[in-house]
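*Asks:* Found this in TrEMBL, in case it helps:
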type	residues	note
COILED	16-134	coiled coil
COILED	191-268	coiled coil
COILED	461-523	coiled coil
DOMAIN	314-429	domain 'SMC hinge'
REGION	590-609	region 'Disordered'
Amino acid sequence: LTAYQKVDRERRALEYTLYDKELRRAREALDELEHARSDDAEAASELHEAARSTVETIASVQRQMKQSTAQANRAATDLASLEAELTAAVTRRAQLQLEVGELKSQAGADADTQKKTEAQLKKVDKDIETAKAKLKDVVQPNFEAAKKTLSEVTAQKDNTFEQIKGIYAKQGRGTEFTTEKERDAYLKSTIKEIQASVAEKEAMISAQEDDLAAMRRQIDAEESGLKEQEADIAKKHGILSKITTQLLEKTSERNQHAEDRRERWRAIEDIGDKLALEKEAQARADSDLRKAMPRATAMGLDALSDIVEKEGIKGYFGTILENFTLVDDKFRTAVEVSAGNALFHVVVDNDETAAKLMKKLEDKKLGRVTFMPLSRLRVPDKINYPDSNDVVPILTRCVKFNPAVKKAMTMIFGKKLLAKNVDAASLWSKNFDMDAVTMDGDEVNAKGALHGGFVDTSRSKLSAYAEAQKAKGNVEALEKDQRDLQQKATAVDQTIANLMGEIQKLEAKKANLQHILEQSAKEQVSKKAALESRNERTETLAESLPTMRLDVEGLQMQITRLQDEVGTALSATLSTEERATLTELHQKQKDLETSVDGSTTDLEAKSAERDKLQSLLRDNLSRLRSELQA
């Protein structure tokens, strides 16, 4: 028995040794297989991640290609438009260059002509001043002196003739009347008639002098009015020049704003293209997110958004997905697997709000959702988590959320652990009665069940939601930029409209001023002609007054002679004194006739010289100056 026991111990020792060697070899093989599986899994994960990144890159490139194609199409359209504008501008430039060349040539010729005209104008002005000075200082005084001499000689001749006539009349009355009384009566009657004629002529002279004074006052007033009108015309020319300058400035400003408006329109078109692409990306992300949830849930969530927005329901916090963000994107798979479809549960403040919304969905048959009334959720105030480096709480380590929905978040993630690997997940899930999930998405249920396998990150709910939010933010930003640009473009349009209104007003003012200046120029020509005619009438009227005064003087001398005859002796013959006087008067009359002929010839010469000088001033020099000034 002792020998048997000894041999049996040896046998068991050998068996243990053999089995231990086999166990070590099995473990080594298992470790190798595990390492190989881990390497293959890591390689597969890397390949999958690379494929996902490639797909995303392809999608991004396709979006960029689409955007670039739209930009290229728009650029081609702009290019065609710009080429047409360039052709028109080049054509216009060539025309303007030709016009500039012609204008330069004409300007050079005009400059020479201007110099010649200015020199000629100075010469004409000098000739006018010389002619006016000669007319004023020499010709007109000579004419007036000759005219006065002729008037005086003519008056003396007429007076002599009247004296001779009076002597003969006195001799005739000596035979005509028988008594002195009859003669005196006749003389007195004749004196009264002549006195009446003198009074009439003096009245005519007075009236003519009044008319002459009135005409001279009118001439002074018209000359003053012409000067005022000339000053007003000069002022209006200054205003016209300012308006023309303002028109050029406003037109230049309008053109600048028009170019700015075209640039803004191009920017609006660019933003419109980008906005269309972002809306397409948003629609694609929303579609991916809808595909990640049950159809009824998607319908219900869409309906809830419209109901809450239209009816302004308070206490609606949205889905769990909308109420938290990831601390780091590396936790996306773990958080998404741990939450599951609870990501689409709707958080509300109380069961009354939930009941109201459910009633709306039920009445309109708009889908089904799960509500989480915060007032009815029962969660512990404090949760005891494992104190280990192998696991961490998802609630505190992986997500950030709104404190208002802490109960809902605790309900979803409160008893969820993030484990380093499956073994740690199994250990701590069992020990703390919590669900544990690895970074790769393998989950160990608190009851012992394991869920794992391949996780398609391209269909990630969180990624789809993040993409949708990103696209939504881009759309909102682009829409804001588009509104801002449209407002600025509208402001530019308003500015251009205001400038066009100002330009139209300035053009109307310019046209009105030009019309007024044309009318004023015509009025000036007419007034100057009327003034010249009035001056001529005044001169004619002034020239007739001395003759009328001489006539009155002759009548008064006749009255004196008749009065001297009254009371004298009646005689049919002339006395010796009277005959001698008559002889002297006849001789004087002959001398005066000779003087009258000489004075007349002299006056005609002086008048011809004056008329020639006046004609030179009026019809030649003044007209030539007006033409040169024009």
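Every residue, even glycine, has its Cβ placed from backbone N, Cα and C.
Note that the structure is a prediction, hence the values are computed from the model and not measured.
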*Asks:* Would you mind giving the whole-number mean pLDDT across the coiled coil (16-134)?
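*Replies:* Across the coiled coil (16-134), the average pLDDT comes out at 81.
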*Asks:* Would you mind listing the long-range same-chain contacts of the region 'Disordered' (590-609), meaning Cβ under 8 Å and 6+ residues beyond its ends?
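*Replies:* Long-range Cβ neighbours of the region 'Disordered' (590-609): 139, 142-143, 146-147, 149-150, 153-154, 156-157, 160.
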*Asks:* Just give the helix, strand and coil counts over the region 'Disordered' (590-609), going by DSSP.
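*Replies:* Summed by class, the stretch gives 20 helix, 0 strand, 0 coil.
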*Asks:* What is the three-state DSSP composition of the domain 'SMC hinge' (314-429), stated as helix, strand and coil residue counts?
*Replies:* 57 helix, 23 strand, 36 coil
